[in-house]
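As given in Swiss-Prot:
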type	residues	note
BINDING	13, 14, 15, 16, 17, 18, 125, 180, 370	FAD binding site
BINDING	273-287	NAD(+) binding site
């Protein structure tokens, strides 16, 4: 039977991608349905209890700038907040928070249940309704059919998921949850390229069996950082420390002696695992010169006795896992409450997607999260938001939107996936962005909130706060530009006390702040340049904008040059065999990838600058040279 009411957008899956997709579509005013096999696991953290980190924190801030959920949820659930790379430049500083799993899930569910235009429904999806290469709905396991103008697949590791512990394996979407086998089979019938990937998780330890007294503590930062632009530290629950232990030669011997029982090394697992989050087996074998690896013991929550040992993801048999755990300092008597495991699952080639994350072959069908070959909550959330907003726009007969590489880490993520694809689980790093000086955590709102407002994602309260911040920044910069000090002034000695080279000529507040040794706090502590802004975010922005003004201007010039190529569109139906002068290799790669623009084509491996020049000349000759707005 058909459900009586049609929807604009259906989201399949309630993880980090699915919840962001559902919130985005509903915020934009579209009638949205979120289908999940279990409402109680909405926003579940399947692996590590943490949000953020290098590159990942940038994505969370961007999701927040576009009105998303993740940053606000972790502000209410974070039990330890830190700024990573705090001593380095602003481009690579990143926020990270340990999470209370239960509080995080509660924060996500509360937001979903209070979001207008959004309906939750508990049923596993087994089929899609596709008519004339267009998706028009979904079918649940009890045969109930839902109609919609767009469908977003955010199914994580559930598609034909297979869990491995030692040489034993069984079907599962994650520990304790069933896999989605019928939907996997249905998707394999569609004209989509599919492969297998693998990820893993460590065993969980009973905290009461760990001797923390012999371990080093790691505390959060004080003052506590905040993730959301709209958040504040008073929202954070009780803060707790993490602890640090290490593997040792005994640990490594246990692993080496049992490699024949590892499903990866025995050839049982076919899927490729994440390069930047390897299993402990991989670390021991790949870094054989290391006699120890640092392991962080992270609490899973304020009301839980479980500890997440970050760094010993494994699929070795349970008896070997026990030996590994008990070989480490402080854990000689530790008990495992959940075994570690590896999981293999289907993923679909993201090169078959448009930058909006809509399928090139099935109209109205969007993909987001691990199904696209990524790993990590943050990467999933960012894709979910993008897919959800574009599903909403499609259902309203509006053009899709995707950020450029120069606008957001989300733009880098999507461009990497859709242009290059991936053969291993993809995670975000700041090093993946060529314009990272422009793509900082601190300016995510300046880059994206106005766009989010235009898209219908940003509410009135956030918009008012954002504009107030802009006004504070502009007013303070003007004040510093117009406040001067001369070498002969009475307070010049106070200024010189903060400078490595004394004043030799008249200088404005901005001139002084531009000096490497002068901070905004020091400058505004001087009577001539007081008072400091009360808005700490605006004050930080003033300092960064002034100190890095020259570098930022130079990078902006580079971006504008690149945009000329980036915005030169390529016809989706162009057969590159028609372009004389291109090599057979380039023709094959362009016909395979079908890039949307010259910029995208230039990033395909093997497509040379000479080939791009030939293509531009041919397009001009054919009268097909056009640029997007």
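Glycine is no exception: its Cβ is also placed from the backbone N, Cα and C atoms.
Overlay of Swiss-Prot feature records on the structure.
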| residue | record | contacts (Cβ under 8 Å, 6+ apart) |
| --- | --- | --- |
| 15 | FAD binding site | 43, 44, 46, 154, 156, 369, 380 |
| 17 | FAD binding site | 154, 156, 368, 369, 370, 380, 381, 383, 384, 387 |
| 125 | FAD binding site | 12, 35, 138, 139, 140, 141, 180, 183 |
| 273 | NAD(+) binding site | 197, 198, 199, 200, 264, 279, 282, 342, 424, 425 |
| 277 | NAD(+) binding site | 199, 313, 375, 425, 427 |
| 281 | NAD(+) binding site | 255, 259, 262, 264, 265, 314, 315, 316 |
| 283 | NAD(+) binding site | 290, 293, 311 |
| 285 | NAD(+) binding site | 256, 259 |
| 287 | NAD(+) binding site | 293 |
Across all chains shown, how many C-beta atoms besides its own are within 10 angstroms of the C-beta of residue 370 (FAD binding site)? 30
Round to a whole number and give the Cα-to-Cα distance in Å for the pair residue 275 (NAD(+) binding site) and residue 13 (FAD binding site). 26
Here are the binding-site residues: 13, 275, 279. Which has the lowest count of other Cβ atoms within 10 Å? 275
The largest Cα to Cα distance in Å among the residues 13, 14, 15, 16, 17, 18, 125, 180, 370, listed in the record as binding FAD, is 18
